[in-house]
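Visitor: The annotation N-linked glycosylation site is assigned in Swiss-Prot to N66, N302, N328. Residues or ranges marked as topological domain 'Cytoplasmic' in Swiss-Prot (evidence: sequence analysis): 1-8. Residues or ranges marked as topological domain 'Lumenal' in Swiss-Prot: 26-366. As annotated by Swiss-Prot, transmembrane segment applies to 9-25, with the evidence given as sequence analysis.
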Amino acid sequence: MWPLSHRHLCLAFLLVCVLSAISFFLHIHQDSIRHGLGLSVLCPDRHLVTPPVAIFCLPGTPMSPNTSSPCPQHPASLSGTWTIYPDGRFGNQMGQYATLLALAQLNGRRAFILPAMHATLAPVFRITLPVLAPEVDSRTPWQELRLHDWMSEEYADLGDPFLKLSGFPCSWTFFHHLREQIRSEFTLHDHLREEAQSVLRRLRLGRSGDRPRTFVGVHVRRGDYLQVMPQRWKGVVANSAYLREAMDWFRARHEAPVFVVTSNGMEWCRENIDTSKGDVMFAGDGQEASPWKDFALLTQCNHTIMTIGTFGFWAAYLAGGDTVYLANFTLPDSEFLKIFKPEAAFLPEWVGINADLSPLWTLAEP
C-alpha cells in the first residue's frame, strides 16, 4: 500500500487531468459555435439540418475587418436567407440591393445577392453582402414576394425564413433610416473616384477661366424614355426649359456654379442646353454599356439636377447637397401613378419643378 501522501498526489493528478479534459472540450465547443460550426463537426455521425446558404463570395467582395473569412460575418442573431432578383439596369439594381439590405435587417434575416447583381455592382462599389452560390439558390425552398415601390407596414413583419424578393424598389422609405450604411455600401472604388475628381479638377469657368468652387451634376435621362414615357405612361421627359429653370435655381443660390452635364443623349444636350453663360460643361460620355463613369462623376459633385429615373436618383442621393428634380411628369390619369408615388420617390427636402405636359395634350387631340 502506498503512503497516504502518494495516494493524495495521484488523486490530485487524476483530478487535474479530468478538469483539463473538460475545459478543453468546452473551449472547443464554444469556439466552434462562435465560428459557425455545429455538433456535426465534433460528432461526425450526427447530421444536423443547416440553412442552405452560400459559403463563399465571388472575387471582389471586400473582407470584413478583423476576419480571415472571404465573406462578411453575419451577426449571430440573424437567421434564414433572403435575396432579390437582379432586374433592370444599374440604378434599378442599386435600389434592389439597398432595399434587400434594409428589409433583411428589419426582419432579422441574412441577406445574400445573386451573382448577376454582384457582377453589376461590385466593379463599381465596395459592397459587402455575400453572394449566394447558384447551386444553393437552385435547391432553396424559396417563398417569393414582389415588392411595390414604397415601404408598407407588412414589409416589417415578414415571417418567411427563405424569401426571394422581386420588383423595382428604389424608394427612400425603405432604407433612408440606414442612410450612412447605404452610402458606405455604395462607396466608389478608389480609381473611379480619383478619375472623376481628376475630370472635375480640369474644369474651368468659360468667361473667367477660374476654377469653379461649386459643381452641380446634371443627369438628363433620354434614350428609351423618349418613347416609353408618352406612349406607355402618358408622361414626358425633361425639356430645355426645365433644365434652364433648374440651372437658374442654382445660379441664384450658389456663387459661380459649374454644371457638369451627363446623359444618354449627349447630342441633344449639346444642341438644346444654353451655354451662353460659360458655366455648362458637357463631361459625360453617354455610354450606357459603362454607366459607372458618368455615375462616378455625378456623385463627386456638390449638388444635383436630375430628370427622371433611378440613375439620377442614386446620383443625387449619394452626392448629397441640394437636388432639383422633374415633378408631375405624367398626366393625372397615368397608370404610372399606380406603381410610383412621388412622395416616396423624392426626399422631402428636394426641390421639384413641374414638367411641361403640353406635348401630351397635342398627342391627345383628335
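Using the three backbone atoms N, Cα and C, a Cβ is placed for every residue, glycine included.
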Visitor: Per DSSP, N302 (N-linked glycosylation site) is which: helix, strand or coil?
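Guide: The three-state answer is coil.
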Visitor: Please give me the CB contact count at 10 A for N302 (N-linked glycosylation site), counting all chains in the structure.
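Guide: A count of 19.
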Visitor: I'd like the number of other C-beta atoms within 10 A of the C-beta of N328 (N-linked glycosylation site), please.
Guide: 15
Visitor: Work out how many Å separate N328 (N-linked glycosylation site) and N302 (N-linked glycosylation site) at their Cα atoms, rounded off.
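Guide: Here the two Cα atoms lie 25 Å apart.
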Visitor: Can you tell me whether DSSP puts N328 (N-linked glycosylation site) in helix, strand or coil?
Guide: coil
